[in-house]
Amino acid sequence: MDNRTITFIGGGNMARSLIGGLIADGFRADAIRVSDPSEEQCRSLAQRFGVTTGQDNLAAIEGANAVVLAVKPQVMRQVASELGEGLQRSGAVVISIAAGIREPDLRRWIGAEVPIVRTMPNTPSLVQTGATGLFANNLVSDQQRDLAESLMRAVGLVQWLDTEALLDAVTAVSGSGPAYFFLLMEALEDAGSRVGLPRETARLLVLQTALGAAKMALESEDDPHTLRRRVTSPGGTTERAINTLEDGDLRALIEQAVRAAAERAAELGDELGAQ
Ligand SMILES: NC(=O)C1=CN([C@@H]2O[C@H](COP(=O)(O)OP(=O)(O)OC[C@H]3O[C@@H](n4cnc5c(N)ncnc54)[C@H](O)[C@@H]3O)[C@@H](O)[C@H]2O)C=CC1
Ligand SMILES: O=C(O)[C@@H]1CCC=N1
């Protein structure tokens, strides 16, 4: 992807997923810099992906076209304040991936009217199957919008949002979403093992079934409801299982979980933004 350079401030789980996905898509490793106080993180990223790493955040953003803020929401204020002048000088587009942190707060901490794209990616970006919601402030140029979009598109699906508040819903659905599916995989594997399958066999069957269901739902013209009905023979095995799940009110539980995650995102924004 041309000669644009990108700096990650924070090289943890989500940065690693994005970097891995970008490199798998052909992004040059020497165009990616990572700054993280953890020497262990730096060593591991440099070894695995060949990216440049260091511990000096300000030095790392020099000359970058895009700066991805990939630290925990709780340290965002400190990081943004420390980078303020450097970001103003560089003209880079700031791409925040933090849950909850609102663009006006981030801009206030940076202390300058800088272009910011607030995003919510997810960890399957590592295998280029990510899903990212994006919101741009009105200082982002068309070129910077394209840059942010192309970085996230390189690692999966992108969806622009008209209002920033919707990012809390994206966080609750797809940001945290991989964990819900992993939990379902764990539970199904455990159940498979309890009804007699060797654990390894249960795991392989579960993972392939999850992949198959997602692939089919993506590629089919029919919606998931129709696809589900096709698996469910009247009086058959699936019907009995689905009835058990519906009787246990799985849908209500999922809605409750998604609401809880969205509320937590808003709460993080309130708590940390008040600083
Ligand atoms: N893990 C996930 O699935 C997703 C995470 N996010 C967001 O990504 C951000 C990072 O989350 P994770 O990668 O999971 O956390 P993490 O804890 O794995 O990574 C954070 C990294 O920031 C580094 N760090 C701490 N202080 C720093 C500083 N002053 N300067 C530079 N680096 C510093 C830490 O050493 C650590 O390596 C969070 O804001 C989170 O809300 C967004 C979408 C999904
Ligand atoms: O759990 C979290 O707060 C982050 C944001 C979305 C996924 N992980």
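Here the Cβ of each residue, glycine as well, is placed from N, Cα and C on the backbone.
What you see is a predicted model, and the numbers here were worked out from it, not measured in a lab.
The annotation domain 'Pyrroline-5-carboxylate reductase catalytic N-terminal' is assigned in TrEMBL to 5-100. Under the heading NADP(+) binding site, TrEMBL lists Ile9, Gly10, Gly11, Gly12, Asn13, Met14, Ala70, Val71, Lys72, Pro73. For Asn57, the entry in TrEMBL reads NADPH binding site. Annotation source TrEMBL lists domain 'Pyrroline-5-carboxylate reductase dimerisation' at 164-268. The feature region 'Disordered' is assigned by TrEMBL to 221-241.
Applying an 8 A CB threshold to same-chain residues 6+ apart, the list for Asn13 (NADP(+) binding site) reads Thr123. Across the structure, Gly11 (NADP(+) binding site) and Asn57 (NADPH binding site) are spaced 11 Å apart at their Cα atoms. On a Cα basis, Lys72 (NADP(+) binding site) lies 15 Å away from the residue listed as 'NADPH binding site'. Around Ile9 (NADP(+) binding site), the same-chain residues six or more apart in sequence whose CB sits under 8 Å from its CB are Ser35, Asp36, Asn57, Ala60, Ile61, Val67, Val68, Leu69, Ala70, Val71, Val79, Leu83, listed in sequence order.
Mean predicted confidence for the domain 'Pyrroline-5-carboxylate reductase catalytic N-terminal' (5-100): the pLDDT average there is 96. Long-range neighbours of Lys72 (NADP(+) binding site) (same chain, six or more residues apart, CB within less than 8 Å of its CB): Gly10, Gly12, Ala98. DSSP assigns Asn13 (NADP(+) binding site) to a helical segment in the three-state reduction.
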